[in-house]
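**Student:** Structure incoming, see below.
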Amino acid sequence: MHIVDGALSNPVVIGGAVAAAGGIALGLRALPLERIPAAGVLSAAFFVASLIHVPIGPSSVHLILNGLAGLILGWAAFPTLFVGLLLQAVFFGFGGVTVLGINTVNIALPAVLVGLAFRPLIPRSGPAMAALLGGVAGALAIALTTLGVAVSLMLTGQEFLTAAHLIFVAHLPVIALEGLLTGFAVLLARKVKPDLFTALQGTGT
Amino acid sequence: MAHVLSNGDTVLTDTGAEHSASRLGALDPRVRILAALAFAITTVALDTLPALSAALATALSLLALSRLPAMPTLKRVAMMDGFILFMLALLPFTVPGDAIFTLWGYPATWQGLARAIEIGLTANAVVLTLMTLVGTMEPVTLGHALYRLKTPETLVHLMMFTIRYIEVLRQEYLRLRAAMKVRGFRPGTNWHSYRSFGYLVGMMMVRAIERSERVLGAMKCRGFSGRIRLLHDFRTTRADALFAITLTAILLALIALDLTWR
């Protein structure tokens with residue numbers, strides 16, 4: 001899911017950086033210092049969760065879980081996922097420097113959108129319904145991310161058109177998997193600790 | 001912090017090459033961050049193969065100077081190459097131009113091959129420099145340096161918390177996985193595995209938020225007033241100035257090389 005340096009055209013890279021800066025600023029406004037510990041520990045949790053490899057057929061994929069991040073964190077998912085990507089780039093070498101902005105937008109914007117749409121519904125519905133909504137949110141977020149990556153490539157040039165198509169098709173199983181896992185994660189969290197979805201709430205802009 | 005990827009048992013405070021007396025480790029962290037950024041922007045702006053090769057050579061010499069263990073670092077970079085290989089392999093077939101050979105009726109072109117090599121060189125040079133200049137820092141130092149570079153305070157605190165708790169939560173994750181394993185869990189492509197993984201992720205989030213409540217309680221108990229202080233102070237020295245001048249000269253040379261070959 002990471003785009004590397006040098007692949008995208010300058011307008012896409014600059015547009016991505018500007019959009020990311022705006023999203024991070026909005027997200028930080030939703031985070032008073034009182035809520036930094038909650039957001040910080042959850043950010044670490046998402047970082048660790050993204051290293052889990054889940055088998056799928058003969059291969060395995062690692063999770064992104066941006067849908068779940070949006071459901072739990074709302075707007076705060078933007079700076080949180082940015083921090084994760086920054087640490088991954090610096091210490092693991094995944095991604096790049098100039099593309100950090102566009103990568104953040106592609107992963108965090110779907111998270112925030114899904115959060116805005118589904119987060120208020122989760123605490124109100126029963127566990128089974130919450131799990132279903134969570135599953136839809138998880139699948140939708142990753143689908144939008146894949147779409148974002150494809151669009152960033154297509155905006156760069158015609159030569160990436162085939163790659164963009166293939167990336168989307170290749171990610172269809174991942175979309176289903178993320179949806180399924182997010183659904184089960186929401187089911188458990190909704191039963192064990194319903195506060196999880198409201199802990200950072202009342203802070204959205 | 002790279003041990004998170006492998007299963008080494010290094011703790012967070014042991015990361016970074018700061019302790020090894022490397023030339024780069026003595027530089028001001030702020031200078032190293034800005035240098036990595038300047039190098040990245042310059043390299044992305046380069047368009048010709050000779051200039052990009054020179055950029056990669058620069059990155060490799062920085063790696064040699066940093067005394068970072070070369071093999072693991074290069075292996076990590078190769079891992080990134082594995083991810084993008086697929087996209088690069090498609091390029092010769094999708095960029096129009098003069099054909100080299102034809103595969104199942106699709107011609108591969110020289111222009112596409114050149115474009116793929118350009119992207120590969122850029123990505124490798126930038127990531128390698130980032131890992132040698134910034135990735136060798138103590139993660140906490142990185143936070144302080146970013147703060148001194150006028151990064152919003154809230155964002156820095158968020159990052160510091162993330163850095164602090166990654167290792168703690170990774171241990172918790174490994175404990176949960178061990179608990180699953182002793183109960184006979186073997187991951188596979190089936191409903192049961194996916195449900196178990198979903199519950200695992202949900203449980204990690206529940207434990208994370210509960211931990212954060214305790215952390216906030218402990219902070220308040222010690223007089224947390226809504227401000228966290230960042231104590232590190234940095235000083236630029238002559239070595240920093242020398243490094244900055246050398247790097248600027250190299251970057252200008254790269255741009256000149258790029259323009260002459262265009």
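Cβ atoms are placed via backbone N, Cα and C, with glycine included.
Whatever TrEMBL says is automated annotation, not expert-curated.
From TrEMBL, here are the annotated features:
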TRANSMEM  A:12-30  transmembrane segment
TRANSMEM  A:36-56  transmembrane segment
TRANSMEM  A:68-91  transmembrane segment
TRANSMEM  A:97-118  transmembrane segment
TRANSMEM  A:130-155  transmembrane segment
TRANSMEM  A:167-189  transmembrane segment
**Student:** Which residues, given as numbers and ranges, are at least 6 beyond the ends of the transmembrane segment (A:97-118) yet have a Cβ under 8 Å from it?
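**Tutor:** Result: 1-5, 7-8, 12-13, 15-21, 23-24, 27, 64, 66-67, 69-71, 73-75, 77-78, 80-82, 85-86, 89, 133-134, 136-138, 140-145, 148-149, 152, 204.
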**Student:** Where, among A:12-30, A:36-56, A:68-91, A:167-189, do we find the most CB pairs under 8 A to the transmembrane segment (A:130-155)?
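**Tutor:** Highest pair count goes to A:167-189.
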**Student:** If we skip the immediate neighbours and take only residues 6+ beyond the ends of the transmembrane segment (A:36-56), which ones have a Cβ under 8 Å from one of its Cβ atoms?
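**Tutor:** Apart from its flanks, the transmembrane segment (A:36-56) reaches 62-65, 68-69, 72-73, 76, 79-81, 83-84, 87-88, 173-174, 177, 181, 199-200.
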